[in-house]
Amino acid sequence: MTIQWFPGHMAKARREVTEKLKLIDIVYELVDARIPMSSRNPMIEDILKNKPRIMLLNKADKADAAVTQQWKEHFENQGIRSLSINSVNGQGLNQIVPASKEILQEKFDRMRAKGVKPRAIRALIIGIPNVGKSTLINRLAKKNIAKTGDRPGITTSQQWVKVGKELELLDTPGILWPKFEDELVGLRLAVTGAIKDSIINLQDVAVFGLRFLEEHYPERLKERYALDEIPEDIAELFDAIGEKRGCLMSGGLINYDKTTEVIIRDIRTEKFGRLSFEQPTM
């Protein structure tokens, strides 16, 4: 699956983020807890250099908790502080400022020693489209400042947002890389809704989702579609699901487009429970 999606505002955002790094103390890198590596932009490492960072594992309520813990340990072993959060209901957000203060304590101690008046922490939020940046900012600021939605790429300009007296945030548009070298990365992003459905082959995404469920969560797959066994042939599996879900055309033929929609919707709306689509050891 070849996907190339790099709107002009993203190229501009990369340049502006690089400039804004001089103004900020710490970076909050927001990733999808279900796909922590695939939802990291490889370019971000080049952009951020050695800036202090906290990895925010967002949508943790949708991810397999045991796998999320593995990811947290993985990042901690790399010297990157990580927090599990849910930007929708606010879970874990009260840890962000204390963790930031801890990381920046030496810097602020040096500033105080030089007689510099204490100020709010200045942070930059960065991440790919649809990972929840705007929702996080609105939740932290307790008001609807940033535009939110399920359409990837909805935040198109940068803005500073005050969060109480202790934190100032710089929001940026989601920065997605020009193309995906690894097909699995594209499929993981697609199945979680990080890429516009209009530019991907949805049947490929549904097949990926089914194969993943078959390998990692087979009992959930069988339970959801009332299957005694999971057919090895993917076409037979599609037929079985289409028949169980009534995705039929005239003459009793399976409507594969409708079946594809059902499968992807079931995955994205957690009908299979909490899923993690990659592990640190994968």
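Backbone N, Cα and C atoms are what each Cβ position is placed from, and that goes for glycine too.
Lifted from Swiss-Prot, the feature list:
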DOMAIN    14-178  domain 'CP-type G'
BINDING   ASN58, LYS59, ALA60, ASP61, ASN86, SER87, ASN130, VAL131, GLY132, LYS133, SER134, THR135, GLY174  GTP binding site
Over the span of the domain 'CP-type G' (14-178), how high is the average pLDDT in this prediction?
85
Take the Cβ of ASN130 (GTP binding site) and count every other Cβ within 10 Å, whichever protein chain it belongs to.
26
Can you tell me the three-state DSSP label for GLY132 (GTP binding site)?
coil
Would you mind checking how many other C-beta atoms are within 10 angstroms of the C-beta on ASN86 (GTP binding site)?
20
